[in-house]
Protein chains: 2
Amino acid sequence: MPRMKFDLLHNDPNSQARAGVVHTDHGAIETPIFMPVGTLATVKGLHQNELKDVVNPDIILANTYHLYLRPGTEILEKAGGVHKFMNWDRPVLTDSGGYQVYSLSANRKIKEAGVKFKSHIDGSYHFFTPESAMDIQRTIGADIIMAFDECTPYPCDYNYARRSMHMTHRWLKRCIDHFHNTPSKYGYNQTLFPIVQGSTYKDLRAQSAEFIANADQPGNAIGGLSVGEPAEEMYAMTEVVTAILPKDKPRYLMGVGTPINLLENVALGVDMFDCVMPTRNARNGMIFTVNGTMNVKNKKWADDFSPLDEHGTAWVDQYYSKAYVRHLFTVNEMLGKQICTLHNLTFYLWLMREARKHILAGDFRTWKDKMVKQMDNRL
Amino acid sequence: MPRMKFDLLHNDPNSQARAGVVHTDHGAIETPIFMPVGTLATVKGLHQNELKDVVNPDIILANTYHLYLRPGTEILEKAGGVHKFMNWDRPVLTDSGGYQVYSLSANRKIKEAGVKFKSHIDGSYHFFTPESAMDIQRTIGADIIMAFDECTPYPCDYNYARRSMHMTHRWLKRCIDHFHNTPSKYGYNQTLFPIVQGSTYKDLRAQSAEFIANADQPGNAIGGLSVGEPAEEMYAMTEVVTAILPKDKPRYLMGVGTPINLLENVALGVDMFDCVMPTRNARNGMIFTVNGTMNVKNKKWADDFSPLDEHGTAWVDQYYSKAYVRHLFTVNEMLGKQICTLHNLTFYLWLMREARKHILAGDFRTWKDKMVKQMDNRL
């Protein structure tokens, strides 16, 4: 099958921002893009058609570690892959489980061969290798498959970061070998993205970016950021890496971030993002708006009957009042989480589409600087 | 303002079933009807427009006790009533708090003057009287307001049931006096429904039905059932009561029940129902279908990729598979609850609309007997 194709449409003259299109067998992905997180083959609180019709993302994420444990690859294989299983016909990207393995900390052992870990569900032991991570993701049926890596914590000792990066590179070779020796499943093309590591060390990041660029896969990712480091360090690392990664392939910054983080990283040449923040914060009553963030649980909204977000583009923004949504959170009703999830994801996707428009129009930098200032605010 | 009007359209020749229309200032209610329960001004897990467009009930319920505690009458008054607060433009019926007071058992004291109770939220003390229950429901903005009654438990000592019934009757006089001495709020008509009590004693039920009929309000309710008594006892009580209550006014059986309970009570002349069962059971993975009930959590559905309910009329029934919905419950994802809630309520409302069609067509009895047999089944 042909390799995934990326059309780079426009470079912003005043930043590294780019507008492009990634072509997959499940449709085109217009970049820059934010990918909603559907860990367990569901974006929490949203029906698939709501996600499609209201939020309208070109691609979503699912999680290898979680889907491997439940429902398991046997069910996903019988279903004909995750798209059929959840009834979603656009592209799906799966992270490899590297991040979840990192999060398990006490419950995993990392060795050259792979990672032994204890299930957070039933305590059973499992072993992931670069090879098995490829097999599992092929069986899940992801359009974009992530390399199996080690995500280092922050802060991270230089020597540990260096050794870990080299192991991630060796693992990548095994991923690529195994990936290219196995066929795509379910009749559509599957693509592998390698991951740059190197913690917060510029020299390691540069070294890793060179290595990943040389692996010559159809797209590349930046991992190991958004793990607690200051935003300035994240931007510094992104800048080093995007200067090295090939321009003609999409760049995916994993696990990032706030709306401001997104715009700053778009300015540094990133094309794809994912993060649990818009969905997780929504479930805690925190929404992002064009004028800043808002804690809908605050007492000050108790008798504010104005729309949830006057400037919002999701139907919920005008349909429900601040007072009503605040009430739903006060009494712990699920509808509150549903409303804020729909709001936040719609806002994130709107923001990426606006960014794209401004890149294509050539005024991204001015718009970005204004937006970053405007959104850095508590309502 | 004019009294609420009820048009009795048709009587089934082979049962006591009736088809009618209740006219309110928020629109017509075609009976028989099932009223989804929106305790805290939200039907758990559904957006208001989803409820309207998919489930399509002519009326929903809200709860006096719960809304009084949160958000409180001050907020509801400022909002201009519950319809505006939650953005719902069809009729709303509020139960009076009698049932919740009964449920608090250890945390309330019932006296002739009224009921002192302890909030389940913060332990604060409150006092409900027949008069305050009217005021609170007027302020909530219900179209149909329920009399303040005592709901007796099952089983209930005869003497207690008799004394309690007489107190409920004395409370009804106070409700009626106060209700008719206070104006409707927010510019639309509000209507009071008295409640028949008398536990499972036929003589008390008959006596109470006479009393309630004589109160001559635009509609009447039957309370104190569905509190643990066998279905046959429930039906026996309904039969006694509907034989006495006026034919030209709607009859509301409170807190009932399973789909089979609904059909049997429709056959006994009941027009209106409410129950948490379709919504609560949905959140526990239990769905009702035309061929019986189904526990979607069962292992047997793990690899059954057929539609959730082949015969279902809700879009979710064909959109999601049994295996997928089972997975959502296994991993405790909110979407599972959302799907099953939408399914169950759509099924309940479909069942009531079918019942109405068959009453109007004259073959309700045969259809009902067939359906009761068919639905008494575990899938």
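Note that Cβ sites are derived from N, Cα and C of the backbone, with glycine treated the same way.
Automatic prediction, not curation, is the source of TrEMBL annotations.
The domain 'tRNA-guanine(15) transglycosylase-like' annotation in TrEMBL covers A:16-375.
Taken from TrEMBL, the feature substrate binding site covers A:Asp95, A:Ser96, A:Gly97, A:Gly98, A:Tyr99, A:Asp149, A:Gln197, A:Gly224. Of all the Cβ atoms in the protein chains shown, 28 others lie within 10 Å of the Cβ of A:Gly98 (substrate binding site).
All protein chains shown were included, and the count of other CB atoms within 10 Å of the CB of A:Asp95 (substrate binding site) stands at 32. Among the features that TrEMBL reports, active site, proton acceptor is placed at A:Asp95.
Feature annotation from TrEMBL assigns active site, nucleophile to A:Asp274. Sequence-distant neighbours of A:Asp274 (active site, nucleophile): residues of the same chain at least 6 apart with a C-beta under 8 Å from its C-beta are A:Phe34, A:Met35, A:Pro36, A:Val37, A:Leu61, A:Leu93, A:Asp95, A:Tyr252, A:Met254, A:Gly255, A:Val256.
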A:Gly97, A:Gly224: which of these binding-site residues has the highest Cβ count within 10 Å of its own Cβ? A:Gly224
Please report the number of other Cβ atoms within 10 Å of the Cβ of A:Ser96 (substrate binding site). 30
Residues lining the substrate site besides A:Asp95, A:Ser96, A:Gly97, A:Gly98, A:Tyr99, A:Asp149, A:Gln197, A:Gly224 (CB within 8 A of their CB center) are A:Val101, A:Tyr102, A:Met146, A:Ala147, A:Phe148, A:Glu150, A:Cys151, A:Ile195, A:Gly223, A:Met254
Here are the binding-site residues: A:Tyr99, A:Gln197. Which has the lowest count of other Cβ atoms within 10 Å? A:Tyr99
For A:Gly224 (substrate binding site), which DSSP three-state class applies? coil
